[in-house]
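Contents: one structure, followed by commentary.
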Amino acid sequence: MLSKDIIKLLNEQVNKEMNSSNLYMSMSSWCYTHSLDGAGLFLFDHAAEEYEHAKKLIVFLNENNVPVQLTSISAPEHKFEGLTQIFQKAYEHEQHISESINNIVDHAIKGKDHATFNFLQWYVSEQHEEEVLFKDILDKIELIGNENHGLYLADQYVKGIAKSRKS
């Protein structure tokens, strides 16, 4: 049986994952409207992935006979200065989500909630992967530059990542 504390934290995490999905959808739209179709595709796909993260949490809560408490999702940022800023914000956002997951893991350990701890290990691994991914993209964008041809090359690099993640 899940403790009230874990239930509260998991419900909050569902909403954080939904917010993540909206943020990446907003970033994707900005990229598409600035002819950065590669980054747009990557972020669009990533928005769907974040939505799947929320669904996975919902299923876990439902399996434990816990009602999910969805809250209003605030409007995500939609004005950006450029590709570097988008991926910097995305990287920082992933770090924030990792902190949130780690906090729930800590509570599960303290409460000796082995089932929740085990369930969350997938998220711990996923967050590590996402932080590495976004940091790598950010590093490549900064290396290539985002002026003139560099912006095009950076967009193509991100497009390649998006396509490779689909296969």
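Even glycines carry a Cβ here, placed using N, Cα and C.
Matching Glu12, Glu17, Glu92, Glu94 to the Fe cation 1 binding residues that Swiss-Prot gives (Glu50, His53) identifies Glu17. The annotation in Swiss-Prot ties Glu50, Glu94 to Fe cation 2, and of the candidates under consideration, Gln13, Gln127, Gln156, the one tied to the same site is Gln127. In sequence order, Glu50, Tyr51, His53, Ala54, Leu57, Ile97 are the residues of the chain that are 6 or more apart from Glu17 (Fe cation 1 binding site) and have a CB within less than 8 Å of its CB. For the Fe cation 2 site, the Cβ centre of Glu50, Glu94, Gln127 serves as reference, and the other residues of the chain with Cβ at most 8 Å from it are Ser20, His53, His93, Ile97, Ser98, Glu126, Glu130, Glu131. In the three-state DSSP scheme, Glu50 (Fe cation 1 binding site) is classed as helix. Over the domain 'Ferritin-like diiron' (1-145), the average per-residue pLDDT in this prediction is 97. Within 8 A of the CB centroid of the Fe cation 1 site residues Glu17, Glu50, His53, the other residues of that chain are Lys16, Met18, Ser20, Ser21, Glu49, Tyr51, Glu52, Ala54, Leu57, Ile97. In this view, His53 (Fe cation 1 binding site) is surrounded by 23 other Cβ atoms within 10 Å of its Cβ, with every protein chain counted.
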